[in-house]
């Protein structure tokens, strides 16, 4: 029995294309949406460990951290108000997602990026100028609205603009952008923490305006994707000219354009489409399962707990403010480097290989982190410098595993598996589920750390074991399959072929592969 591996036979379709300057610049500009996402993740954990910020907005946490009130090491940062500051971003993103899905489908990927960039600019301005907790949270909410639009549009934009043979590398660029944004946030937090006068946190929050401005301005000049233009009913000749410009002069784009038009024609003829079709039609059942389970699993890897609260977690084990922020910078560098490695490897070794290897690496790291924390960290005092160094190393190994597996692939795979007629709806479900469980992790992590102690790391390790088994059994390989032909891999899969049934018109001749 072939478990999850399928191979697409020669379908006599030729997708040409090379990396042109036009498509590279377009994707780099769109990638600013990922930079802002990463920046917002990283900046929250950093400023929430800064003493001036805590003293002004979270005095109870500040007193506990200073030792004015005795509390367990594991519970010093357990504050629902503090976690509300972090998770308000993702609540707003979740509520924005379905509006963003309609805009992305009806008005195009570019329109959503413009709206997202404008919301990011407003959020950065409000956050940097905050004088009370309400303004701080309002700034996070506005940033969340921006994320709702950007996370809906940017992964689709990258996957549709990329040449088929390099789609994995291009789409992984979104996670690379997220990693760069998080690294920039960690570096900036390390610098602004040293500003005398206690206003460095304002600089950290306000500098989100830099990538936001680049996204907003750049999106005004970006081309729309050919897939989206066809979906909007634009003239085929105009789309052909744009596709020729994207793929390069002299490249035959006829087969690719035919597939895009055929996919749109199926939707226009009433052969499925939209959110209702995606949720309830049997032939979309595999994609629906992946749209829910992949972002769910991505969140219960525990990565956002590390990303949000790395400085807080490092202070929990007894490190000082500057040392904890510097350690977060180191793990940020590891995350960016591993994501870049994933870009180079994903179209050579495939999605499944990286998922499985990265999952095993993260599982081992979480188990070891939990074991050391359980053995060495008590309710009072810290851990020795040697053990603190080991923990930082294990966190870096864990971040590396995520950076070349579930990080980029958690965005890549959903963005490439949906047929055109349900692509915006499917991406909307993916982003909504991601935001929903991000909120849960952000809101629950400090409470769980307080009550479960080191057991929380074993909790995440159990989920890592489950998701690795899920990928091994149920996720087919999509490496090298043109985006408008990916639907065929489900009919060749040992399990999903029983769910979706045979291809009605027998256009997709897909063969079963081998382990």
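Numbers here mean position along the shown chain, with the first residue as 1.
Backbone N, Cα and C define each Cβ position, glycine as well.
Listed features, source TrEMBL:
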type	residues	note
TRANSMEM	19-39	transmembrane segment
DOMAIN	26-479	domain 'Major facilitator superfamily (MFS) profile'
TRANSMEM	81-101	transmembrane segment
TRANSMEM	113-135	transmembrane segment
TRANSMEM	170-191	transmembrane segment
TRANSMEM	203-222	transmembrane segment
TRANSMEM	288-310	transmembrane segment
TRANSMEM	322-346	transmembrane segment
TRANSMEM	353-374	transmembrane segment
TRANSMEM	386-407	transmembrane segment
TRANSMEM	428-449	transmembrane segment
TRANSMEM	455-475	transmembrane segment
Recorded stretch that, among 81-101, 203-222, 353-374, 386-407, 428-449, has the most CB pairs under 8 Å to the transmembrane segment (455-475): 353-374
The transmembrane segment (19-39) in contact with the transmembrane segment (386-407), cutoff 8 A, at least 3 CB pairs, sep 6+: no
Recorded stretch that, among 81-101, 170-191, 203-222, 322-346, has the most CB pairs under 8 Å to the transmembrane segment (113-135): 203-222
The transmembrane segment (170-191) and the transmembrane segment (203-222) contact flag, 3+ Cβ pairs under 8 angstroms: yes
Distal contacts, the transmembrane segment (81-101) - CB-CB under 8 A, six or more residues away: 40, 44-45, 48, 57-58, 61, 112, 115-116, 133, 136-137, 140-145, 147-149, 151-153, 275, 308, 424-425, 427-428, 431-432, 435-436, 438-439, 442-447
Range from 203-222, 322-346, 386-407 with most C-beta pairs under 8 A to the transmembrane segment (353-374): 386-407
Across the domain 'Major facilitator superfamily (MFS) profile' (26-479), average pLDDT on the 0 to 100 scale: 86
